[in-house]
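According to Swiss-Prot:
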type	residues	note
CARBOHYD	Asn32	N-linked glycosylation site
CARBOHYD	Asn39	N-linked glycosylation site
DISULFID	Cys80-Cys115	disulfide bond
DOMAIN	80-115	domain 'ShKT'
DISULFID	Cys87-Cys108	disulfide bond
CARBOHYD	Asn94	N-linked glycosylation site
DISULFID	Cys98-Cys112	disulfide bond
CARBOHYD	Asn181	N-linked glycosylation site
Amino acid sequence: MRLPRRLKIKRFHKPSCSSILPKYPGCPFSLNLSLSFLNFTHYDVHLQMINRFFPNVYYSVVIPIILLSTSYSAKIAPKCRDTDMNCAVWVATNTSDCENVELVNSHCPRTCQTCGEPIDPKYDVKLLPAKLKSIAWMVGRWRSEFGGKAFFPTIPKFTYGEQVDITIADNSQDTHTPLLNYTAFAWDINMPDGDPTEIHSENGYIAVEYDKEQEKEYVSLNTAMSNGFMTIEEGESGPNQVKFRLQRIGRISFSHDSAVRIMFREWTLLDENRLEARLLMTTTITRRLMEHTAVIYKKIYP
């Protein structure tokens, strides 16, 4: 039987799976090869070619198309991720829900750790003390490469990158006031490649207290900043959201006086992978409340 004129065959050594897919040595998965035939009447010739040169390859026949083409694809497991923004709070509130509640089991495989690598204990919401369970959605490493926007009448507008880490403090289980560690690092995206140039950083703690008389839950954030200021902020906690208001501000003795009079910091979980942060303030110059920074982070761990 003669081959179609259009089909040109060159002799070559039988390839190994690793030579076909150098990124996957040993090829621990099945390889799919599909061929579109020039002429269906010669399909048996093509099958003979496949059997000769690719004896261990699974193939599928695609009936007549105009051009001859080959393609392969690796069967890779689906990404291990949660599909509901409430997963952290659900699992923190009742860890047994991972096994006993179908909704949690099916939508929260990463938080339940039914797939992927084990989660670092600092980020494992199953280990959260009872007081912190309502803000379990905060826990994680959040990052925006270049999505931060800063604007205010007294400064030029600019864009920045920022990473926020919120983890379980080491001694949270042993203290009367369990805490989350909070760190934030912002950098100038306009600098040359290399180590990012810091423009601002913050380090502090997050705590939760329930007011029985008012039947409200309050969240506090106290921070020390790289510009020499220290702040204490408090606010009410809501479902996947908290709005802090500045209560106290201090500074080192040789730092300039703060012009901030009122400040609000809002954190809102938009979905299972995105956290929005906004900061609004009024100063001795502006006199009215205005937005100062806004950024949407992507969750990069766990």
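Here the Cβ of each residue, glycine as well, is placed from N, Cα and C on the backbone.
Put plainly, the glycosylation sites Asn94, Asn181 were compared by Cβ crowding within 10 Å, and the winner is Asn181.
Counting only same-chain residues at least 6 apart in sequence, those with a Cβ under 8 Å from the Cβ of Cys112 (disulfide bond) are Cys87, Val91, Cys98, Val104, Asn105. For Cys115 (disulfide bond), applying a Cβ distance below 8 Å and a minimum sequence separation of six or more within one chain yields Cys80, Pro109. Rounded to a whole number, the distance between the Cα atoms of Asn181 (N-linked glycosylation site) and Asn94 (N-linked glycosylation site) is 22 Å. Ranking the disulfide-bonded residues Cys80, Cys87 by how many Cβ atoms sit within 10 Å of each one's Cβ puts Cys87 at the top. Counting in whole angstrom, Cys108 (disulfide bond) lies 24 from Asn181 (N-linked glycosylation site) by their C-alpha atoms. Between the disulfide-bonded residues Cys98, Cys108, the minimum number of other C-beta atoms within 10 Å of a residue's C-beta occurs at Cys98.
Per-class residue totals from DSSP over the domain 'ShKT' (80-115), listed helix then strand then coil: 21 helix, 0 strand, 15 coil.
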